[in-house]
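Step one of this worksheet: look at the structure below.
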Amino acid sequence: MSSSRLSMEGPASPARAPGALPYYVAFSQLLGLIVVAMTGAWLGMYRGGIAWESALQFNVHPLCMIIGLVFLQGDALLVYRVFRNEAKRTTKVLHGLLHVFAFVIALVGLVAVFEHHRKKGYADLYSLHSWCGILVFALFFAQWLVGFSFFLFPGASFSLRSRYRPQHVFFGAAIFLLSVATALLGLKEALLFELGTKYSMFEPEGVLANVLGLLLATFATVILYILTRADWKRPLQAEEQALSMDFKTLTEGDSPSSQ
């Protein structure tokens, strides 16, 4: 049996992180924190700050979306790269919890913008940004529900998880990129509404927001680069190797000894 063969070879030693990986992860976190700080600075310096029961309620929206659907979602995607030797269930729980925090914070941001529109009598869901935002939020929630059902809920079989995992990984990265793109659309929309023709005159607010947009794009690029490096994937633990080999034997008729 594959499990006995693994036990005869002895317990797998912890895999060392590839040399450059910690630096890229640290760089991504620095970028993410700068993006959050710059969003707060933009709202504080040029939009009057943040408050719930006032005209400043709208400002809760961009800050929550940046923290939730950009920064925390990006960190959730990195869990399997950063925690390489911890138990798989531990990393699954952390991955899921980060998505829960991201969802709750994004939900607060979504409520804030709808409440602001209701109080001001503004129309809802007419812009490309709002359409993309609702799509991203719905996809994010659906992705979390399906991921929980397949990977954390005890009822899903190993074979079902193995078949769905590539789709889960793809849609996770796609939703993250859509979130960043939607944030960039919202940033541009806010600048055009507030500055109008002054946007083309290199107003300080416009310059700061443009830099923020570039940092958002850079953060997404670094996250995507870390995720797509095949040699930076989390190595299989001993029990995962045994399950994978047994699954391959059942589905393809191979024997572990032939691998």
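We number each residue from 1, going along the chain as drawn.
Cβ atoms here come from the backbone N, Cα and C positions, even for glycine.
As annotated by TrEMBL, transmembrane segment applies to 21-45, 65-83, 95-114, 134-156, 168-187, 207-227. Residues or ranges marked as domain 'Cytochrome b561' by TrEMBL: 27-228.
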The transmembrane segment (95-114) versus listed stretches 65-83, 134-156, 168-187, 207-227: most Cβ pairs under 8 Å: 65-83
Maximum Cβ pairs under 8 Å to the transmembrane segment (21-45) - stretch from the list 134-156, 168-187, 207-227: 207-227
Range from 134-156, 168-187, 207-227 with most C-beta pairs under 8 A to the transmembrane segment (65-83): 168-187
Contact set, same chain, for the transmembrane segment (168-187): CB under 8 Å, 6 or more residues outside the stretch: 62, 65-66, 69-70, 73-74, 77, 128-129, 132-133, 135-136, 139-140, 143, 146-147, 150-151, 209, 212-213, 216-217, 219-220, 223-224, 227
Overall pLDDT for the domain 'Cytochrome b561' (27-228), taken as the rounded mean: 94
